[in-house]
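Student: The structure's right below; bear with me while I get my questions together.
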Amino acid sequence: MSTTVSRDDTGGGLPPEGDVRRRPSVKTVVAWVLVAVVGAVAWTVLALVRGETVSALWILFAALCSYAIGYRFYSKFIARRVLQVDDRRATPAERMHNGVDFDVTDRRVLFGHHFAAIAGAGPLVGPVLAAQMGYLPGTIWIIVGVIFAGAVQDMTVLFFSMRRNGKSLGQMVREEIGIVGGIAALIAVFAIMIIILAVLALIVVNALAESPWGVFSIALTIPIALFMGVYLRTLRPGRVLEATAIGVVLLLLAVIGGGWVDDTGLGEALTLSKEWLVLALVVYGFVASVLPVWLLLTPRDYLSTFMKVGVIVLLAIGLLLARPVLQADAVTDFAREGTGPVFAGSLFPFVFITIACGALSGFHALISSGTTPKMVAKESQVRLIGYGGMLMESFVAISALIAAVVIDQGLYFAMNSPAGATGGTAETAAAYVNGLGFDTTAQDIAAASAAVQEPSLVSRTGGAPTLAVGIANILSDAFGAGMAAFWYHFAIMFEALFILTAVDAGTRVGRFMLQDTIGNVWKKFGDLSWRPGNIIASAITVGLWGYILYVGVTDPLGGVNQLFPLFGISNQLLAAIALTLVTVLLIKHGKLKYAWVPGIPLAWDLVVTMTASFQKVFSSDPAVGYFAQRQRYADAQAAGELLAPAQDAGQMDQVIFNSTLNGVLQAVFAVLTLVVVGNAVFVIARAIRARGPVPTTEEPAVTSEIVEPAGLFATAEEKRAIAEHERLVGAGRPSEGGVA
Amino acid sequence: MSGREAATRAWRGVRWYLREFTGEARWDDYLRHCAEHGHEPVSRREFERRRSDALERNPVSRCC
């Protein structure tokens, strides 16, 4: 580990090349004024116009214009002034090139890899659940959050990790903040990963339970992936595009085939209860974690990535063609009163934790400090990859939000309220939803189920089925009716596919973390090729998330209702750790005056997550506070009573136990984050007293030999620079390395 | 540029991107590298096997 003060900080360096301010052309000014005007009009319409006829496209335009302005101005400011990216410095991909993990990668290709790694089911599910508060709170948080918090976190963590040879978040916290914070961060990362895997798996279980069509098509993705794996390993090694094309065709056939199976005897056999699905997922997760990656994980990853991008593009086109009208209110009564059935709690803080991915997601910090920083070709590209990649994910979240707020709101609440509330049948659900103040009838709910050929849509919580209904509606409107059932199951299949990919990959990463950590005290266990170690570590990881999954699935109060807040809060507590690290590093590098860039989102994130954690632990409202809920059921049990929705003494015990478990987990995550932040405060105070840059673990600058464009499209200037460079290299100029 | 040329260009671009993205193009890079340095390349099967074995030790994380 080398300790050095970087060139930027000593003030000895020249301003980065190409940093000459030029007067923008009239055309550019007009174009940006136009973007700003369209954006402003869209926001005004969303904020002021009420009634039946507000088009959902306004949300799309507000988002796209805001993203464009955020990217063009704010991310540029961060790159040039705050981080001072320097393209004369070689990146780790160039310096440590080994063709395996350190590898100079084309910026557009790396953008795709990074996006595929960060975007999953999170941005699809959170906004759907948050739609119970209306379309406006979610829209504002997704767009403002990504511009000032999420994309900033992804970009700055990527930059600082890149300057440290791609060190992981935990490693950086340990080295730059301290050993106490480092250990707390390590435990937090592992624990949060377990929660995330459990909640993702819970969403799949809820989407597939009692749905033979869904089970059939998802189950077939396994043999399809295995076939692709064997194809790529032995039949035609390396022909990935060929194998993926075959895989996608088989996948579509599997979705179509599910429709036929539905009506046969096989449909009966594939109607699985939630408990059976938990068992299947746990066994699958374990096997996937110990199998070689080429057999299952890699081919499944190709499939899920292509499906992901394909569906997002399809949905965007569908939205433009169908031009749906907003059905939800701008802000519902649930936002003010906090009594919503989907998740409990008021708008503040709960909208901001329900929508994590898409606005601010701490998990991304693990990817921005993992594989991506080792592949960046030029420092200036962190803007496109880090900030731009997160804007893309935010766009996915906005699309999901639109899909949820353009469906009939009576149906929305019938689908997303827990079974304990709706009673599980179309009649009882209609009565319940009418009680909430939304129009619907049992016939409407039954007709909606029949249209997508599902036995029932009542209490299909978790967000995935709702999103699938939304997508099915939009795509049927756009491309012709009669295909709703296909689109619904297609959407379910694609969500489940990449949740399973996340579960595979997450279990494997969890296993590596466990082996690495235990390997510190027991050398043999850290050896990744030692079979018993692999099996034990996989079993522990799968056992942990499988257990929480089981707890969630059998929870009488509804697993999503109970666990999703825990998932959202923990994801954003991880973001707090990442933003703390970035703030500390800026101050250590002598850039106190820019500490507000990560500092403001950090302060906001801490206020949100700590308020939410506090309420979940200490609130006296049993619908919000885990321990108040525990107390309520314990009191009832002591008095020999049964409290709905529990139906017997066993379920009473279950509620009491689950509430305690969730409350303890919640408290532990918050305390771990506070330990990191507390440790950071000392480091910051020391750095401020030092009045100037203090040593960090940044690698010394080495002159770069590569010339590459910074943005998505090469500018004329960059093209000239590349041509010039090639001419010089071609002329046999000796390559010179060395410290600048 | 005629429409046909533009279409060909676009198709080439898409193909280039997909081959780079999936890592299929790494084989071409390797062959070029061998030619430049005068090495005898291993078979494609062997090359892809080594590549996937390297992936085994470098897990790719997937987010929520």
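Numbers run from 1 along the shown chain.
Note that Cβ sites are derived from N, Cα and C of the backbone, with glycine treated the same way.
Straight from TrEMBL, here's the annotation block:
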{"type": "COMPBIAS", "residues": "A:1-10", "note": "compositional bias 'Basic and acidic residues'"}
{"type": "DOMAIN", "residues": "A:56-612", "note": "domain 'CstA N-terminal'"}
{"type": "REGION", "residues": "A:1-20", "note": "region 'Disordered'"}
{"type": "TRANSMEM", "residues": "A:29-49", "note": "transmembrane segment"}
{"type": "TRANSMEM", "residues": "A:55-74", "note": "transmembrane segment"}
{"type": "TRANSMEM", "residues": "A:140-162", "note": "transmembrane segment"}
{"type": "TRANSMEM", "residues": "A:183-207", "note": "transmembrane segment"}
{"type": "TRANSMEM", "residues": "A:213-233", "note": "transmembrane segment"}
{"type": "TRANSMEM", "residues": "A:240-261", "note": "transmembrane segment"}
{"type": "TRANSMEM", "residues": "A:276-297", "note": "transmembrane segment"}
{"type": "TRANSMEM", "residues": "A:346-367", "note": "transmembrane segment"}
{"type": "TRANSMEM", "residues": "A:387-407", "note": "transmembrane segment"}
{"type": "TRANSMEM", "residues": "A:533-551", "note": "transmembrane segment"}
{"type": "TRANSMEM", "residues": "A:563-587", "note": "transmembrane segment"}
{"type": "TRANSMEM", "residues": "A:664-685", "note": "transmembrane segment"}
Student: Rank A:29-49, A:183-207, A:240-261, A:533-551, A:563-587 by Cβ pairs under 8 Å to the transmembrane segment (A:346-367) and hand me the top one.
Tutor: A:563-587
Student: Using a Cβ cut-off of under 8 Å, list the residues of the same chain at least 6 residues beyond the transmembrane segment (A:276-297) that approach it.
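Tutor: Sequence-distant neighbours of the transmembrane segment (A:276-297): 197, 201, 204-205, 208-209, 215, 222, 225-226, 229-230, 232-233, 500-501, 503-505, 507-508, 511, 534-535, 538-539, 541-543, 545-546, 549-550, 553.
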Student: Can you find at least 3 Cβ pairs under 8 Å between the transmembrane segment (A:240-261) and the transmembrane segment (A:387-407), where each pair is 6 or more residues apart in sequence?
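Tutor: Output no: the transmembrane segment (A:240-261) is apart from the transmembrane segment (A:387-407).
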Student: When you look at the transmembrane segment (A:563-587) alongside the transmembrane segment (A:387-407), do they share 3+ Cβ pairs under 8 Å, ignoring any pair fewer than 6 residues apart in sequence?
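Tutor: No, these stretches are not in contact.
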